[in-house]
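Encoded as C-alpha cells, the structure appears first; notes follow it.
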Amino acid sequence: MDNLTHSLTGALLGQMGLKRKTGLAMPTLIIAANIPDIDAVAVLFGGHQHLAIRRGITHGPIAMLLLPIILWVMMLWFDNWQLRRSKRPESRLPIHKGWLLTLAYIGCLSHPALDWLNSYGIRLLEPFSSNWFYGDSIFIIDIWIWAALIAGVWISLRQERGGRENWKIPAFISFGAILFYILGNISLSRHAVQETKIALRNYVGVHDVAQIVANPVPIFFWKREILFGSPNNYYQFEYSLFDEKKLSENAAALYASSKEIIIARHAPAIVKPDKIRLRDKDADAFLFWSRMPHNAMIIEGGKRYAIFADARFTDPMVSERFRARVQLLPQEENLSAPLAAPKDVRLDKPKDTPEQDKADGR
C-alpha cells in the first residue's frame, strides 16, 4: 500500500487509545507502520533492480523481529536527548519501555499485513524463502480506505480536543469498517476467481488454467480485472459483482473468436529469457518479480530489442514503469521459446448449453 495509508493506519491505532499508553506512542506507531519501506532506497539503483529488492528482506520475519527493536532504541534515545537538554515537552507522558516496544511491533506488523492485500506481491518469508504472496483484494491506492482512515482520525481528534470521554469510538468504528471492507474484498476476489473457472469450463471448455488472477482496480472496488492463462498466452476478462452475466458473455466470446482473440491477448514469446537473464541484471530482476510475464520483440534503428512486461500492469498509465528492454545479441535474435511456465490452458469444445440447444433448434 502507499505510505499515506500506512501512516494513517498508525495514527488510527493511536486514536483507538494506544497513544495514551506511553510517551512518544503516536510517532512510534506512525514511523513503525512505514519503517519496512526503508528498502525504497533501491530505486536509486536505477532500472528495475528495485523490483527484486523491494517488499523482500525488510518485510520478512527477521526484519519484523529487529526493526521494532531498532526503532524502540531510537525513540528511547530521542526522549533522553530531549530530557538532557530540557527540551522534553512537559505534557508528554512518561516513557513506558514495555508499551513503547509493543507499539513498535504493532505498527511494524501492520505494514506487511496491508502490503499483502494487493496484487503487486510481497515476500513474507524472505530470506528463508523468496516466494511471492498476493492478496489480490485491494488496489495499491484505495481512496475508500483513505476516506475511512481520515474520517476516523479527524473525528476522533476533534472529540478528544473537545474534551469528550468517548473520543476513541470514531477510531474504532473506522477500524471496524475498514476491516469489514477488506474482508469483503478478499471474499469478492475469491468469488470472482471461482466464477471465472465456472464460466471457462461451461462456455470455453477450459479444464485446466495455469493462473487466474482477480486484479483489483482503482475506485470501483466491486470490479475485478480477471487475468488468466500461462506465460505469453494471457487473456483478460472484466468482472463486476453487479453484472456477473458479463463474465459468461466474455467466456462465450473467447470460444466464438476461434479461441484466438478476447479483450486482450499478449504477444507470443520470441526469445529465451533464461539466456538474457544470465547477462542482463535488469531483465533478471524484472522476471524475478514478474508474476504473469510476456515478451515481444521490436526493431529500432536496425537493432532488435526484447521487451519484457507483466500482464498485471498493461494500463498505459503505468505500463512503462513495469517494462524491461534489452538489446538482443545476434545469436539471440532467432531463438524462439516461451518463458518457463506451468501447463498451458487447454481449450476444448465446450459442452452445449440450453441457450445453444435452443439456437440450434434442438
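One-based numbering along the chain as shown.
Including glycine, each Cβ sits where the backbone N, Cα and C put it.
For 24-45 (among others), the entry in TrEMBL reads transmembrane segment.
The annotation transmembrane segment is assigned in TrEMBL to 57-78 (among others).
Using a Cβ-Cβ cut-off under 8 Å and counting only residues 6 or more beyond its ends in the same chain, the transmembrane segment (99-117) has close neighbours at 1, 5-6, 9-10, 13, 18, 21-25, 28-37, 55, 59, 64, 67-69, 71-72, 75-76, 124, 133-135, 137-138, 182, 185-186. According to TrEMBL, the transmembrane segment annotation covers 99-117 (among others).
Positions annotated as transmembrane segment by TrEMBL: 137-157 (among others). Long-range contacts of the transmembrane segment (137-157) within the same chain, counting only residues at least 6 positions beyond its ends with a Cβ under 8 Å from a Cβ of the stretch, are 1-2, 4-5, 8-9, 11-12, 15, 117-118, 120, 167-171, 173-175, 177-178, 181-182, 185-186, 188-189, 216-219, 221.
What TrEMBL lists as transmembrane segment is 169-188 (among others).
What TrEMBL records for 333-362 is region 'Disordered'.
Taken from TrEMBL, the feature compositional bias 'Basic and acidic residues' applies to 343-362.
Beyond its flanks by at least six residues, the transmembrane segment (169-188) meets 12-13, 15-17, 117, 135, 137-138, 144-145, 148-149, 151-153, 155-156, 159, 214, 216, 221-222, 224, 241 of its own chain at Cβ-Cβ distances under 8 Å.
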